[in-house]
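**Student:** I am attaching a structure below and will ask some questions about it afterwards.
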């Protein structure tokens, strides 16, 4: 009982410590509100028109910034649906099998009817032994949350949450509005910051709030601009942070552009089809997080061209043809009728492939 009790206390302490970065950011936000609204606008600005305009604009940026930050923190990450979990019988059979080929055959049978097209680097079915499920495309196990997260981008300590399919739009808007918030403060505080060094401000506590406010806003602007620019580049390429560091592996091999559909469609996957909601922290991302449209690139150069009137086929790494499979109905509007998915060949071919390929072992990814 003692080890279990100590482990429980340790986990509780860790959960409390995880909130320290969020508490730090919250304190900075509250102080910046006091310093800008009270000390700068009300106490230091003498022009009434300037004061009104600054207060109105400031509160617009402040509301959008806090709203998107709140949604990034408290939107629960989405986990794989029940169809990706192994049944009790499948789990028992997987545990009984000792050979990697036999275990992989169990997983191939489970994943046969699932919309899964990515593999591990060795070509095996992506399986999480902690969650006991077949991982959907772009899904990864978070060691902090101890869960599999759909379209996981990264675990962010500043929001104490996993950034993934359910809240990536909110996180991106949080970066955008926090950058605009800091730039607005820097721009409107600049003239008073200069007055501080030229002794143009009255000798009150407001002058120190104005000085530190400018320094804090300017420094955060630099760091946020680089981070926001990086994530804008990721959105334009339809990649997650994890995929940027390690390209996803498909049947035909790794492909860093495997999920890229073109700039416009990549943007719509995150922000949705209705542009009027793009700037609001409201969930509008396309899809269900378990299946994603993909473009089939890096085809086998030796693959013969498809005759007219026939369905195209692709090849896996062993040269076996895979009949084309159309997109789900909910995803077809992203790619159009020209794109297609690939699925596994018949059971006989898969059995042969599993026995002949020694690399087809269970490979757990975190």
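Note that Cβ sites are derived from N, Cα and C of the backbone, with glycine treated the same way.
What TrEMBL says about a protein is an automatic prediction, not a curated fact.
Sharing the features that TrEMBL gives for it:
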- 16-36: transmembrane segment (TRANSMEM)
- 48-70: transmembrane segment (TRANSMEM)
- 125-245: domain 'Palmitoyltransferase DHHC' (DOMAIN)
- 170-188: transmembrane segment (TRANSMEM)
- 208-230: transmembrane segment (TRANSMEM)
- 301-366: region 'Disordered' (REGION)
- 301-316: compositional bias 'Polar residues' (COMPBIAS)
- 332-342: compositional bias 'Polar residues' (COMPBIAS)
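Could you give the neighbours, burial and distances for every feature on this list?
**Tutor:** Summarised as a single figure, the pLDDT of the domain 'Palmitoyltransferase DHHC' (125-245) averages 94.
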**Student:** So what's near the transmembrane segment (16-36) in sequence-distant terms, Cβ-Cβ under 8 Å and 6+ beyond its ends?
**Tutor:** 58, 62, 65-66, 69, 73, 144, 157-160, 185, 189, 209-210, 212-213, 216-217
**Student:** Let's see if you can do this one: DSSP helix, strand and coil counts over the domain 'Palmitoyltransferase DHHC' (125-245), in that order.
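**Tutor:** In the domain 'Palmitoyltransferase DHHC' (125-245), the DSSP-based counts are 67 helix, 17 strand, 37 coil.
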**Student:** Sequence-remote contacts (6 or more beyond its ends) of the transmembrane segment (48-70), Cβ cut-off under 8 Å?
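**Tutor:** The answer is 25, 29, 33, 36-37, 41-42, 159, 170, 173-174, 176-178, 180-181, 184-185, 188, 279, 281.
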